[in-house]
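Worksheet: one structure, shown below.
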Amino acid sequence: MKMHLQRALVVLALLNLATVSLSLSTCTTLDFGHIKKKRVEAIRGQILSKLRLTSPPEPSVMTHVPYQVLALYNSTRELLEEMHGEREEGCTQETSESEYYAKEIHKFDMIQGLAEHNELAVCPKGITSKVFRFNVSSVEKNGTNLFRAEFRVLRVPNPSSKRTEQRIELFQILRPDEHIAKQRYIGGKNLPTRGTAEWLSFDVTDTVREWLLRRESNLGLEISIHCPCHTFQPNGDILENVHEVMEIKFKGVDNEDDHGRGDLGRLKKQKDHHNPHLILMMIPPHRLDSPGQGGQRKKRALDTNYCFRNLEENCCVRPLYIDFRQDLGWKWVHEPKGYYANFCSGPCPYLRSSDTTHSTVLGLYNTLNPEASASPCCVPQDLEPLTILYYVGRTPKVEQLSNMVVKSCKCS
């Protein structure tokens, strides 16, 4: 009993000491020059490791990047930004070990055809639904290594719409059979019919994986209005034989008039960039020879929104821009020219700033046993991927590198 009382008094004394010395931390604060040097070397190793390269490729002799390659790079970067925003809202993070290695990016535009080829015959053509077909056979041999697939379509305003909002639903088209449904539901969205243009993204990973494994199952995707072929009165009653019209319009599908002058070929390429397309992230087989380095990450805490706007002295994310040419001496990366890698820095005060009871216990235990373990340090918590465009010889490549941008930090 006496021993327990002595331990309790020691803990209380330590708590009081920690309250007085809130800025105490055994993690040494490094100068910026030293931090940047270490961060640059870490990034150099990370990029080469994720690409499974032992040394940087030779700079390409190509000075002009084709428009289609730049369009793929821009689409991928926009998609990753959207995906990160969705994960933040849902407080979810990917945990697959395959997340570590770089992914090859493939873009497949919708197969263009006559108007009736993009519509279904269940309801009057062009009124209630649109069909989108894609040829992904070129990556079938690597189908089992699909990491993620996104269907993207650009909604454009419809000034002549009679309603301000309409619900659309995305389906995978299945082979007709009397025992199964013709469609498989993927997702739905309530959208404005007017307003400004916006990209819509749907996760179609499972659907595309099925297409890659069984080519005959690739019958396309369909966007239709909710409860097609009926119009509803304000009280909810159905008006038979009166069809609700799809008033949501999509770029590259609804035959909008694009009047313009100049080089028609250039205009066509620019319009193709906004047409419906699939973006596939594939893991090359040679990058799956050894296990990745993925892991769980918790919800963001000390992020860029807070740290970049406040003069926080304790643990926070700090801005750090890496220029590929100046800092790494690399000329083989065409896009981007550099990026904000950022880093975590600042002391981790006991009790007040530690975000978990675990960190507090570590601090107290370290005071009791200074030789036994390390105290909490400021480390990355949430990281974002980076998209790069580079050449191997004359072959352009667009790839996604995971966990390259520090977005938030924590004491651990």
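Using the three backbone atoms N, Cα and C, a Cβ is placed for every residue, glycine included.
Here's what Swiss-Prot has on this protein:
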- 1-23: signal peptide (SIGNAL)
- N74: N-linked glycosylation site (CARBOHYD)
- N135: N-linked glycosylation site (CARBOHYD)
- N142: N-linked glycosylation site (CARBOHYD)
- Q293: N5-methylglutamine (MOD_RES)
- C307-C316: disulfide bond (DISULFID)
- C315-C378: disulfide bond (DISULFID)
- C344-C409: disulfide bond (DISULFID)
- C348-C411: disulfide bond (DISULFID)
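Annotated features taken from Swiss-Prot, shown on the structure.
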residue: N74; record: N-linked glycosylation site; Cβ neighbours (10 Å): 15
residue: N135; record: N-linked glycosylation site; Cβ neighbours (10 Å): 13
residue: N142; record: N-linked glycosylation site; Cβ neighbours (10 Å): 16
residue: C307; record: disulfide bond; Cβ neighbours (10 Å): 22
residue: C315; record: disulfide bond; Cβ neighbours (10 Å): 27
residue: C316; record: disulfide bond; Cβ neighbours (10 Å): 22
residue: C348; record: disulfide bond; Cβ neighbours (10 Å): 27
residue: C378; record: disulfide bond; Cβ neighbours (10 Å): 25
residue: C409; record: disulfide bond; Cβ neighbours (10 Å): 29
residue: C411; record: disulfide bond; Cβ neighbours (10 Å): 30
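Sequence-distant neighbours of C344 (disulfide bond): residues of the same chain at least 6 apart with a C-beta under 8 Å from its C-beta are C315, C316, V317, R318, C378, V379, P380, V406, C409. Among the recorded positions listed (N74, N142, C348, C411), N142 has its Cα nearest to the Cα of N135 (N-linked glycosylation site). A Cα-Cα distance of 14 Å separates C411 (disulfide bond) from C307 (disulfide bond).
A gap of 46 Å separates the Cα atoms of C348 (disulfide bond) and N142 (N-linked glycosylation site). Across the fold, the C-alpha of N74 (N-linked glycosylation site) and the C-alpha of C307 (disulfide bond) stand 28 Å from each other. In this structure, the CA atom of C307 (disulfide bond) is 42 Å away from the CA atom of N142 (N-linked glycosylation site).
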